[in-house]
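Undergrad: Handing you a structure now.
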C-alpha cells in the first residue's frame with residue numbers, strides 16, 4: 001500500500017499508533033470525572049458495575065484478533081499471496097461477526113438478568129442490555145483494523161481509535177446529562193452512558209470503511225494506469241513479486257497459498273495467535289470485576305442497606321481514574337526505553353540489556369513513588385476539586401499506592417514480553433487477581449471500601465513483585481540495592497514535606513478570601529503539585545538518584561541536560577564516561 005522504506009514505514013506506523021493510543025487513553029480516563037459530577041456516586045456505581053462486563057466480552061472476542069490478522073496478512077503479502085491475505089481477512093471477519101452476534105444475543109437475553117442477580121442489583125439489567133449492542137459492531141471493526149495493519153498502514157487504526165473515543169465520550173456525557181435533566185433515574189443515565197460503546201464503535205467502523213473504499217479505488221486506479229502503460233495481465237502481482245521468475249513465484253504461491261486452506265484451517269491459525277493475547281489482556285478487567293461482585297454483596301451481607309452499599313461502590317470508584325491517570329504518565333517515560341532493551345537483546349548485548357532494564361525499572365519506581373505519595377497527601381483537595389465532597393478521601397489515599405505497583409508491573413511486564421516471556425506477566429497478574437479476591441473477602445466486612453482499596457494494593461504488589469523476581473532470574477540486574485532505592489525515598493520525603501506545607505498553608509491562607517470550595521481546593525491542588533514536581537526533580541538530582549548518563553537515555557528529557565549543567569543542578573561527567581554510558 002505504500003512504497004516507502006519498510007523500516008521507516010514501521011517506525012512511522014508505530015509512532016502513529018502510539019500517539020493515537022495516548023490520546024485515546026487520556027480521553028478514556030478523564031471523562032469519568034464529569035460523568036460522576038453529572039450522575040453522582042450512585043450513577044458512577046451503575047456505570048462502573050456494567051462497563052467491565054463489556055470489556056471482558058470484548059477482550060475475549062477481539063483483543064488479539066487485529067494482531068493475529070495483521071501478522072498473517074503481512075506473511076501472505078511477503079510471499080506474494082494476495083488472495084490468501086484476503087481470505088485470512090474474510091474468514092476472520094465472518095467468524096468475528098458470528099461470535100459478536102452470539103455474544104450480543106447471550107448477553108441481551110439470559111446474560112443480563114443472571115449477571116445483575118450475581119452483582120446483587122436486578123436494576124442493572126437495562127444498562128447491561130444497553131452495552132451489549134457494541135458487540136455487534138466491534139468485532140468487524142477489529143478485523144478491518146488487523147487487515148490494514150497487515151499492510152503496514154496504521155493511519156486507519158489510529159484515526160478510528162481517536163474517533164471512537166471522542167464519539168463514545170460525547171455520547172456518555174450527552175445522554176447521561178439528558179436523562180438526569182429529564183428526571184430519569186441513574187440506571188437510565190447509566191444505560192445511556194454505556195451505549196456510548198456502541199456509538200463509538202459504529203463511528204470507528206464508518207471511518208474504517210471509508211478508508212477501505214478509498215484504498216480500493218486507489219488500487220483500481222493503479223492497476224488501470226499500469227495496464228495503460230503496457231502492463232500485462234499479471235499487474236496485480238507486481239507490487240509483491242519481481243519481473244524475473246514471476247511464473248515460478250506464482251507456482252510457489254499456488255502450492256502454499258492460503259486460498260487452498262479450508263475455513264477451519266485458517267481459523268485455527270488466527271486463533272493460535274489471537275487467543276494467548278486475548279487471555280493475557282483479559283486479566284486487567286478481572287481486577288475490576290472482583291470489586292463489582294464482592295463490594296455490593298459483602299457490604300449488604302455485613303449490614304449495609306442495598307442503596308448505601310451501591311452508593312459506597314460509587315464512592316470507591318472515585319479514586320480509580322486518578323490512579324489510572326497517574327500510572328499512565330508514570331509509565332510513559334519508562335516504556336519509551338523498552339524498545340532499546342529489545343534492540344539490545346536482538347544484538348545479544350547482555351550488558352546493555354542489564355543497564356537499560358535497571359534504569360527503566362528505576363525510573364518507573366521514582367515516578368510511581370512520587371505520584372503515589374503526592375496523590376495520597378493531596379487526596380482531600382483533589383477529591384473536593386473533582387467530586388465536590390470529601391467522601392472516600394481515605395479510600396482514595398490508600399488506592400494511591402496502587403500507582404507504585406501498577407507502574408512497576410506494567411514496565412516489568414513489557415520488559416519480560418520484550419525478552420520473549422510473552423505470557424508470564426499475564427500469569428502473574430492472574431495470581432494478583434486471586435490475591436485481591438481473597439483479601440476483598442477478608443477485609444470488606446471490617447474496613448468496608450477501605451478494605452477493597454487495600455486489597456487492590458496487595459494484589460498489584462504481588463503481581464509486580466513476581467514480575468521483578470522473574471526479571472532478577474532472567475537478567476543480571478541490581479533491583480534491591482540501597483543506592484538504587486534510598487535516593488528516591490529521601491527525595492520523596494523532602495517532596496512530601498514541601499507539598500504538605502504548601503497544602504496546609506494555602507488552605508489557611510486562602511480561607512479568608514471566601515472562595516468557592518471547589519475553586520479553593522483547585523488552587524491548593526495545582527499549587528501543591530507544581531511545588532512537588534519542582535522539589536522532587538531537584539531533590540532527585542541533589543541526592544544523585546539519577547545521573548547525567550541515565551538522563552541522556554530518556555527521549556525528549558535529554559535535551560534539558562545542558563540547561564541543568566549550566567545551572568549547576570546536574571554534575572558534569574567525564575566525556576569518556578558519558579560516551580560509554582550513552583553507547584550502553
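Cβ from N, Cα, C; glycine included.
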Undergrad: Any idea which of 51-73, 235-257 is down as transmembrane segment in TrEMBL?
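TA: It is 51-73 that TrEMBL describes as transmembrane segment.
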Undergrad: Need the matching range: TrEMBL marks transmembrane segment on one of 124-144, 292-312, and I'd like to know which.
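TA: Of 124-144, 292-312, TrEMBL gives transmembrane segment for 124-144.
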Undergrad: Is it the case that the transmembrane segment (428-447) and the transmembrane segment (394-416) have 3 or more CB pairs under 8 Å, with pairs at least 6 apart in sequence?
TA: yes
